[in-house]
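Structure record follows, encoded as structure tokens.
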């Protein structure tokens, strides 16, 4: 089968890597000549945000998917009309591309989400501080999101269509990766717990399974079921969740694709998010998602102050550790905050796992 | 690093697939335009048996290795003189290429091997029937090996340089994959037990760890140590062993490369033979080789009577099974006996594992 992916970054690379154990032809559309997927798939140079580029690319393949959500959704809708299979479908991608539409979707389907106001311009704001501003489109890896703590900070607001959202008193950040195939069968990965880097607002490390109560577990199960039923599209989705200090779970946002919070499934689960995504694209039965033990993931992010040809300081030491797995993304150049790779760790207890993740965090540095 | 592999078959493909999680450039030399590695590495069309082709290819890379042993060893020796790193080294590959030299090596280093006579022509045979004839060079996947049961069958002998070997009264066929890096550090995978298909003389399925006594274990440990110390080369080697009905272990032969008997390490061990091979090529610390549970492997071999575009009957059913992993080799055409893929299974007990392997064997068929 000819499978096309919009975007040729690390998510696509790890998907193709996993799926090399099956017989398919992979095509990627990416504007960068040295995209991580460039040497392992047929690479079409072009922008996944461009209507004509996506249309032409999509006509070449049997099934079309994405590894980044900032794609031309109109082209996807028109490809669907031509009979090309698009996973997830254009409607789901369009809905998720717009934070304003996403919020409306949650409200409509009774999925708990923080109270908010949708605005077109800053002058429309009628919402008490403190609040979070999320630009409706174009946000990524923490960009397009800011906290306005008081009236004095209102001058910082971006004057673009946005969601203005009340702050949640966060106890824990959680994530659940859910899958649905064309037959409507669904599968849910164990819930992961995330620890964010306060400086970069980038995911720092994941621990799976999360340490949460039965009640929190049940709330997330209800959210997963509601989302999978409402989204009305095959696909793999990462639901980012916030647990507040009163024990209530809120949906923060959803990514309609493979997700950083699922990387530890590569060695931590019977099957990874990449295997699951592949099976959805092929219309295969969904894979079992059970945890093998306690697994965790540490992002390898470019250190502040270093730009240029990447060097991984301390990697030799990491490679001596048992049940520890290094994944690099084939990127030659590092810059501060750039995601260059990750390290997965599997252990028999949460304590051992956290201990090892912290040790490794001190051991390795991404410099130039 | 630029890593070159002589041969672009499934072993190379699975090595590169595994190593895509690191940043390297992969080059393969293979005569076939649609070799399994063709789309995931830089592919040089040419024969790995040709002196000039290997010499030119080897000069392009930082480290050169093999995924098939029938390569031009003279070119490898000359590349070493030019300072190119060859793993395993030319001396080890040359020794293993010749069954006559292999036998001499075992005798010299006190490694138990069946009594034999090395012959240049059939007329030299002075050995009691029944015996096994193994042609000194060119054997592969059971080709170049035959049993001569009585004097009446002597007309079947191939009149080429051969090893004439006494028959061992086989209780079990075993295999152990051993690794050595440039620093001389070594690692040994758990021992696997093999069940051969009597018709095709191709490996049929593996079970790991093998069910053997402590004494047999100790004999194999001694053999592994002796081999790793004697071979005097970095590399990954598969030592094929025969356990006789008296409980004694004999070396049948050694492959200086990744091996079919190690495929279940992909999901059955903390790290696979492919990860281990990669680490040897890079000069990295060796990986831990512990078993995760009981693992087994079933070859997907082209069914008799079918040649042409491959179809995998029953694969959908296999994909519904938990802890069961399908690996296809990217070959478009099947033919009787051709290795097209394999299926790995992981279970908590040997009984469950054998039961599932037998079920799967009946479930799936490689046809056209």
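Each Cβ is built from the backbone N, Cα and C atoms, and glycine gets one as well.
Secondary structure from DSSP puts residue A:167 (ATP binding site) in coil. Sequence annotations record features per position, and here TrEMBL assigns ATP binding site to A:99, A:134, A:165, A:166, A:167, A:168, A:173, A:252, A:253.
The domain 'ATP-grasp' feature in TrEMBL is assigned to A:103-282.
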(message) Can you give me the average pLDDT across the domain 'ATP-grasp' (A:103-282), rounded to a whole number?
(response) 93
(message) Are there any residues at least 6 positions away along the chain from residue A:99 (ATP binding site) with a Cβ closer than 8 Å to its Cβ? List them or say none.
(response) A:134, A:135, A:136, A:137, A:139, A:162, A:163, A:253
(request) Starting from the Cβ of residue A:167 (ATP binding site), draw a 10 Å sphere and report how many other Cβ atoms land inside it. (result) 15
(request) Please state how far apart, in Å and to a whole number, the two most distant Cα atoms are among A:99, A:134, A:165, A:166, A:167, A:168, A:173, A:252, A:253, the recorded ATP-binding residues. (result) 19
(request) Restricting to the same chain and to sequence separations of six or more, state which residues have a Cβ under 8 Å from that of residue A:165 (ATP binding site). (result) A:103, A:114, A:115, A:116, A:131, A:132, A:133, A:134
(message) Check the DSSP secondary structure of residue A:99 (ATP binding site), expressed as helix, strand or coil.
(response) helix
